[in-house]
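Marked as Zn(2+) binding site by TrEMBL: Asp55, Asp330, His334, Asp371, His372, His446. For Asp55, His166, Thr168, Glu325, the entry in TrEMBL reads Mg(2+) binding site. Per TrEMBL, the feature active site, phosphoserine intermediate maps to Ser105.
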Amino acid sequence: ISTPSDLSLTVHRVFISTPSDLSLSQAQGAKALQAALNRKLNTNVAKNIMLFLGDGMGITTITAARILKGQMHNQSGEETVMTMDTFPHAGLLKTYSVDFQIPDSSSTATAYLCGVKTNLNTVGVNAAARNGICKTQKGNEVTSILKWAKDAGKSVGIVTTTRVQHATPATTYAHSASRKWYSDADMPVSAKKEGCTDIASQLLKNTDIDVIIGGGRKYMTPKGTWDPEYPRDLASSGKRQDGRHLISDWQKMKVGKVARYVWNRTDFDAVDPDTTDYLMALFEPGDLRFDVERDPTMDPSIAETTEKAIRILSKNPKGFFLLVEGGRIDQGHHASRASMALHETVAFDNAVAKGLELTNEEETLTLVTADHSHAFTFNGYPFRGQSILGKSPLYGKDMLPYTTLMYGNGPGYKVVDNKRPDIRKVDTQSKDYVQLSAVPLDTETHGGEDVAVLARGPMAHLFHGVQEQSYLAHAMAYAGCVGRDLRHLTGPSLHPIVSFFNKHQVISL
């Protein structure tokens with residue numbers, strides 16, 4: 001049985017189609033078609049590569065965030081154009097890992113950063129390595145496009161809203177049989193005896209990264225070291241058991257260079273990009289705060305950290321590679337707090353806009369993509385202009401309303417005595433509201449459908465069709481002439497890999 005929702009609780013816009021609306025739609029369609037016809041392929045070598053990664057940002061999340069962004073500006077929302085929507089080239093990526101249909105963030109990161117699909121929970125290693133088994137890691141390490149770019153003389157950086165040792169940023173520099181080995185305190189004794197090292201220590205050892213921005217202070221300091229921001233919080237204090245102070249070690253490694261370490265907004269703002277060679281900014285002991293809960297006097301936004309990174313990296317005449325991760329989109333979804341996830345996506349889109357503002361599209365390849373999606377649905381025939389965080393105008397067969405956004409599983413399962421809760425008087429637009437789910441779990445799971453990749457700039461047309469997620473690393477490297485495949489720079493006849501395949505009459509790479 002379907003009944004109207006309580007209209008006293010929600011006021012909907014009424015949209016009535018008129019001849020002028022039809023004319024506008026026709027004009028918009030004609031304009032979009034002409035833009036497509038006029039578009040010329042950019043076949044330049046990408047001096048710069050910016051990869052914007054929305055962790056957990058499936059297509060449903062993009063759609064819902066687009067509507068939210070418009071509604072935040074008192075618009076209906078559906079017709080809103082996000083910055084990422086303006087990218088002219090698009091494709092789909094298959095996200096499965098070697099051992100699971102639905103992946104995690106480390107196996108996917110290894111695919112799109114290193115060009116190799118691998119097993120769940122492993123970082124920067126191929127599928128011969130097994131989750132949590134140190135001895136399988138040796139000899140199976142794979143490097144990322146960040147390292148390929150550094151080896152080519154470019155500057156490199158990572159910006160994230162999670163800890164910098166988390167799965168996505170870690171894969172740019174680390175090799176680990178477990179994504180959870182953030183510090184040596186998180187490793188089993190057996191792994192340490194077998195010679196494996198924690199992810200935080202690899203941040204200093206493996207690749208000379210110019211800009212490191214995110215959270216994760218507690219994995220860098222000795223056990224018991226008081227956190228400068230939360231000195232009375234034991235959970236925020238240092239965790240390392242080896243006694244190393246990795247922040248001090250990093251500073252000592254940069255003697256002769258202008259290297260700045262900061263942990264708060266004031267010091268961050270004081271960093272002059274024109275005179276800074278290296279920047280490490282760790283704003284929290286662990287992950288950063290959700291954007292809607294962020295204290296702007298203490299922590300900058302992801303758009304602001306992205307700007308600082310680009311201004312530092314762009315001084316290199318050979319260009320740069322930058323990974324920007326909206327990491328807490330994923331964590332909002334895991335908590336089934338759709339409002340948090342969507343506001344994080346809007347903040348992430350603002351960072352994309354800042355990136356485009358500061359770079360030249362003729363020489364900068366910019367990508368927006370996700371590692372995986374979530375068990376997140378957009379349903380119920382809501383009216384145009386209705387709050388994306390609101391309730392469907394239709395009731396269920398139990399004569400109770402439900403939200404437009406829901407989860408297939410997660411902490412929002414609230415069935416008691418075979419009856420759903422009555423949410424007619426519940427503020428479902430609250431940042432703390434936990435959406436309903438069909439199956440009870442402590443934390444909501446990822447989804448397994450394809451994710452979008454959006455591209456603009458040099459060789460953006462390579463990001464098309466339906467591809468394996470591992471294709472991304474190879475296409476980025478080709479566009480920027482980093483790594484092994486330098487055909488875009490030298491020409492096919494001069495490249496040894498191509499010459500080999502041509503000689504042996506191999507049809508395709």
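Here the Cβ of each residue, glycine as well, is placed from N, Cα and C on the backbone.
Those TrEMBL annotations? Automatic predictions, nothing curated.
Neighbour list (His166 (Mg(2+) binding site), Cβ cut-off 8 Å, at least 6 residues apart, same chain): Ser105, Thr160, Arg179, Tyr182, Gly214, Gly216, Asp287, Gly327. Surrounding the centroid of the Cβ atoms of Asp55, His166, Thr168, Glu325, where the record places Mg(2+), the chain contributes additional residues within 8 Å, namely Leu53, Ser105, Ala109, Thr160, Thr161, Thr162, Ala167, Pro169, Gly326, Gly327, Asp330, Asp371. Counting every protein chain shown, 21 other Cβ atoms lie within 10 Å of the Cβ of His334 (Zn(2+) binding site).
Cα separation, Glu325 (Mg(2+) binding site) to Asp55 (Zn(2+) binding site), rounded: 7 Å.
For Thr168 (Mg(2+) binding site), the same-chain residues 6+ apart in sequence whose C-beta sits under 8 angstroms from its C-beta are Leu53, Asp55, Ser105, Ser106, Ala109, Thr160, Thr162, Leu323, Glu325, Gly327, Asp371. Local packing around the Cβ, expressed as the count of other Cβ atoms within 10 angstroms, is greatest for His372 among the binding-site residues His372, His446. Around the Cβ of Asp55 (Zn(2+) binding site), 27 further Cβ atoms fall within 10 Å across all displayed protein chains. Using a 10 Å Cβ-Cβ cutoff, Glu325 (Mg(2+) binding site) registers 30 neighbours. Counting Cβ atoms from all protein chains shown, Asp371 (Zn(2+) binding site) has 31 others lying within 10 Å of its own Cβ.
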